[in-house]
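Here TrEMBL flags B:18-37, B:57-76, B:97-124, B:144-162, B:169-193, B:205-222, B:229-250, B:270-289, B:296-319, B:325-345 as transmembrane segment.
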Amino acid sequence: MRKTALCLLSAILLLFGLAAPASAYEPVNIVHTEKVQAGPYNVTVGFSTWPLKAMQSLDFTFAPDDGITGKAGVVMLSLGEEREGERLARHPRKREVWGLDVYSLPEPGDWTMRFDIEGPAGTGTGELRNLKVMEQPGPPLGLSWAISTIPLFGLVALIVIAWRRTRRPV
Amino acid sequence: MDLTASVAAEARSVPKGLVPASFVLGGTFLSLVGLTWDIQWHSDVGPDTFFTMPHLFLYSGSAVAGIASLVVVLMTTAAQRRGQRTDPIVGGRAVGVFGRTFAAPVGYLISGIGAASFLLYGLWDQWWHGLYGFDAVIASPPHIGLLLSVSITMVGAVMVFATAREHRWGLFGTIGSAAVLLSFSMVTVLGLQALPRGTVDSVDVGVAFMSVLILLMGAGAVGRRGGALAVAAVVAVLQAVFWWFSPWAAEVYADATGLPVRDYVDGVPALPSMIPMCLLIVAVAVELLRKLPAAVAGAVGGLIVTVCAPLQTSLVYGASLPDTTPYVFTVLLGTVFGALAGLLGRRFGQMLRHLAPAKETSHA
């Protein structure tokens with residue numbers, strides 16, 4: 001019993017020992033920036049990958065020139081009827097600026113990023129237009145879904161077999 | 001004296017089949033805990049890597065269930081090769097796999113296939129994240145593949161316990177494993193978000209369908225008055241415990257890893273709030289209507305779930321109620337799918353009852 005407990009403990013320690021170096025969270029590396037003038041606020045929009053591709057997640061950062069202290073607001077991403085809005089919150093891995101972490105845009109096209117900011121200098125609105133998002137990488141989505149729903153079809157096949165063999169009530 | 005000792009030892013020993021069945025159920029429970037923790041982590045804290053604690057729970061859940069299933073299959077195969085009679089109380093009748101290379105009790109075969117499938121979809125998920133980044137989207141194709149794989153293991157767990165439904169441990173295990181499957185399925189149905197957006201809320205309809213299906217299946221497998229109510233009661237307990245656990249675990253883990261909680265976190269436990277709070281009412285309706293055709297009980301269940309869904313969202317998140325037209329259409333479709341789920345659920349319950357070994361007559 002004691003040996004089993006020791007083995008189990010060693011396995012757990014080994015597991016966490018190996019997991020610890022791999023669990024380091026990646027820093028936010030901005031590779032491209034754009035400028036947006038939202039009323040009195042000049043905002044630098046940072047992207048951790050460029051160009052953008054549909055469904056590919058990245059880190060966005062939003063940095064007003066004089067910092068985020070005392071300011072609040074909303075960022076709205078839109079493409080035609082599609083709209084996604086978020087309150088401007090600090091980026092979890094870059095707390096000195098606002099941001100969206102591992103965030104993806106679902107469709108290709110020319111997106112608009114709109115900022116509504118309130119701060120000591122009053123309110124301001126500004127847009128980054130024609131933010132080009134390219135086609136999604138990888139296989140067509142239909143194929144990905146077909147591969148991913150194989151277990152469901154397997155389950156249906158099991159049900160069909162079981163259905164045929166269990167007609168008699170028990 | 002020897003006889004007395006033997007009888008006493010027999011009385012103290014663990015019932016045959018209970019140990020591996022408990023490992024499979026324990027594995028599925030670990031997966032459920034990992035899932036609620038992981039969803040809350042992404043909602044409240046954020047960053048993702050392959051090796052997070054919630055992920056370890058998810059992986060180890062499938063690993064525990066898979067290894068237990070494999071051990072049972074290997075032991076059954078070895079026993080058959082020695083010409084020994086295998087007891088069908090352990091996971092049901094053994095079926096040949098790869099010709100007659102392996103003899104696998106059908107319940108453990110299904111739970112094992114689910115665990116093996118989880119491994120394959122884990123690789124698919126890693127490839128996906130390499131291409132698309134570590135997005136925290138539940139309804140991505142590989143995530144749905146992973147969730148479906150775990151669901152298959154959970155179906156195997158229900159089968160393993162339903163085989164022993166004549167025993168107390170089999171009865172309780174059937175109720176518990178059905179409750180775990182029902183709770184987990186509330187996340188799997190989010191895959192319906194991939195359907196084109198229309199007038200109907202496809203996720204609400206999916207929640208109604210799966211809730212009714214598993215409640216009636218569990219009740220049918222148990223085959224006693226109060227079966228649906230027992231499954232719903234266990235789901236309610238899981239919902240209550242996870243309501244406390246999920247935000248707490250996310251915050252404790254964030255503190256341990258030195259990560260901040262996001263700004264403007266709403267504090268709502270994500271997975272527990274996907275489970276219909278009206279499930280006990282649905283179960284009461286199913287119990288009261290058990291003498292009527294299953295479609296009637298199912299339709300009533302689907303109606304209750306889809307009527308209550310926006311009310312629950314409004315209560316929990318403070319969201320506004322939907323417009324009348326999509327609401328009415330969702331309720332109508334929920335009722336229709338509830339009726340279908342009722343029919344299927346009762347039939348699935350009957351299928352599960354077939355798994356139990358036939359009773360031997362006393363004069364045989």
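Glycine is no exception: its Cβ is also placed from the backbone N, Cα and C atoms.
Nobody curates TrEMBL annotations by hand; they come from automatic prediction.
Taking residue pairs at least 6 apart in sequence, the transmembrane segment (B:97-124) and the transmembrane segment (B:205-222) share fewer than three C-beta contacts under 8 angstroms. The stretch with the most CB contacts under 8 Å to the transmembrane segment (B:229-250), chosen from B:18-37, B:57-76, B:169-193, B:270-289, is B:270-289. Touching of the transmembrane segment (B:144-162) and the transmembrane segment (B:296-319) is ruled out by the presence of fewer than three CB pairs under 8 A, sequence neighbours closer than 6 excluded. In summary, the transmembrane segment (B:18-37) does not lie against the transmembrane segment (B:325-345): fewer than three C-beta pairs, each 6 or more positions apart in sequence, are under 8 Å.
For the transmembrane segment (B:169-193), same-chain residues at least 6 beyond its ends with a Cβ under 8 Å from one of its own Cβ atoms are 15, 18, 21-22, 25, 28-29, 31-32, 35, 39, 138-139, 144, 147-148, 150-151, 154-155, 157-158, 160-163, 202-203, 205-207, 209-211, 214-215, 217-218, 221-222, 224, 227, 230-232, 234-235, 238-239, 242, 271, 274-276, 352. Residues 20, 23-24, 26-35, 37-38, 86, 90-91, 94, 97, 102-105, 108-109, 111-112, 114-116, 118-119, 122, 146, 149-150, 153, 156-157 of the same chain lie 6 or more positions beyond the ends of the transmembrane segment (B:57-76) yet place their CB under 8 Å from a CB of it.
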